[in-house]
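First the structure, in the form of structure tokens, and then the observations on it.
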């Protein structure tokens, strides 16, 4: 006899917003979604900011969203986790940071601090540099040299002087720290093995070689005069007490996002490095805020938090058969991120990957591979052995990123057609579906003055639970979806899954 499946259907980038202007969700003809919405219990939940472990007011995204959904709790992202540790004071007790200080004291050497100097919050945050300066002050260090990388991508193209001035004011108020070198991120944060770029940054940092200026401000202004924006500022050195990185020194790299910090760290820490000629620093203590990759041998300030008892693991522990299904664009989200950063399948889990169409941009094919995803799912349902299904329709998000209203409306209409077939089939099997989203996007693809808006939104996302006779809580967050699934599956919720079922009892 066929099982009664419970499905989580994620309409990626589909949120609630009152205004119809630029709102593809409101303007699309979606009879199936509307039918379920009027027939079954509904609510809306938060998918951004503190509710998903991001700083207040920060829009959610698919990685963060799926991680919170799968974990069934708030998953604190690196930026928030570090901010919290600074606010709590734990930062100043951190073993790795204090080992760096001890190393400097034992060797009567210098502390060098690397990182992206901005408040973009994508790779780093300059307030974390300020916390490191506070730590150096508390511990009585006097030789602290900052090697700043300029942003101009996640913040305004020419905003570096603001951050430089604030940092210099911090040096002055604490009586510790000075700029040693400055590089545009184009050089210091390359990730494609363009060693000619990285070498210029390395020479300024390690060997104290390059154009020299009396101050960071003077060097940046000289680059501006050559029509270079922050990202492309050529590595230069700032005249002062620093003379490069020497034997026995310590480095702390405060970028928390690994991809653009790994390469430079590899130059310093990988003895087999051969991208260009380097002279290894002897007895160098090298710490990074997070683990960058396996080629980078460093002390790690904030170790990765392993997420246990995610929805997939709980399903496995209860001998449930589960399916993860999406097209290429969102396949990592329903697998790796939904499983808390785990690539391997759980026991009883199978996966279906449907290729996304090969087009330059998805506004050219708004239906993407939704119909193929739907067909594959119907095929899987026919096997009759599934307990849990996690499905993602990518269209509202991927087409929404075009900032084009008509294609985004078409994308939602295609998804609605597929939704109808999938949900009706699940209902025919006496199963249940939760229809929801991971963050907003297609709910606003135009600004108030009709310019394309390509970013996500912070609007709440809808939840429909296709079970008559139950009442849903009025509010919640993405971390409440896994507990709701377990509730529908009649499976106990583990204690580390701290979200709450949206179904009132």
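Placed from the backbone N, Cα and C atoms, the Cβ positions cover glycine too.
Since we're looking at a predicted model, the values are computed, not measured.
Per Swiss-Prot, the feature Mn(2+) 2 binding site maps to 12, 62, 438, 439. What Swiss-Prot records for 62 is active site, phosphoserine intermediate. The substrate binding site feature in Swiss-Prot is assigned to 123, 153, 154, 185, 191, 257, 258, 259, 260, 330. The Mn(2+) 1 binding site feature in Swiss-Prot is assigned to 397, 401, 456; the stated evidence is sequence analysis.
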For residue 456 (Mn(2+) 1 binding site), the three-state class that DSSP assigns: coil
Binding-site residues 12, 154, 258 vs residue 397 (Mn(2+) 1 binding site), shortest C-alpha separation belongs to 12
By the DSSP assignment reduced to helix, strand and coil, which category contains residue 258 (substrate binding site)? coil
Can you name the residues of this chain that are 6 or more positions from residue 154 (substrate binding site) yet have a C-beta less than 8 Å from its C-beta? 118, 120, 121, 122, 123
Binding-site residues near residue 456 (Mn(2+) 1 binding site): from 191, 258, 260, 439, Cα within 10 Å gives 439
Let me know how many other Cβ atoms fall within 10 Å of the Cβ of residue 12 (Mn(2+) 2 binding site). 26
Taking only the Cα atoms, work out how far residue 12 (Mn(2+) 2 binding site) lies from residue 401 (Mn(2+) 1 binding site), in Å, as a whole number. 11
Check: min Cα-Cα distance from residue 401 (Mn(2+) 1 binding site) over binding-site residues 62, 191, 260 goes to 62
Cα-nearest neighbour of residue 260 (substrate binding site) within the listed binding-site residues, 62, 438, 439: 62
Whole-number Å value for how far residue 62 (Mn(2+) 2 binding site) lies from residue 191 (substrate binding site) (Cα to Cα): 23
Quick check on the binding-site residues: of 123, 401, 439, whose CB has the lowest count of neighbouring CB atoms inside 10 Å? 401
Just the number: how many Å between the Cα atoms of residue 62 (Mn(2+) 2 binding site) and residue 258 (substrate binding site)? 18
Additional residues around Mn(2+) 1, ordered along the sequence, whose Cβ is within 8 Å of the centroid of 397, 401, 456: 12, 13, 61, 62, 396, 398, 400, 439, 441, 442, 454, 455
By a three-class reduction of DSSP, residue 123 (substrate binding site) is assigned coil
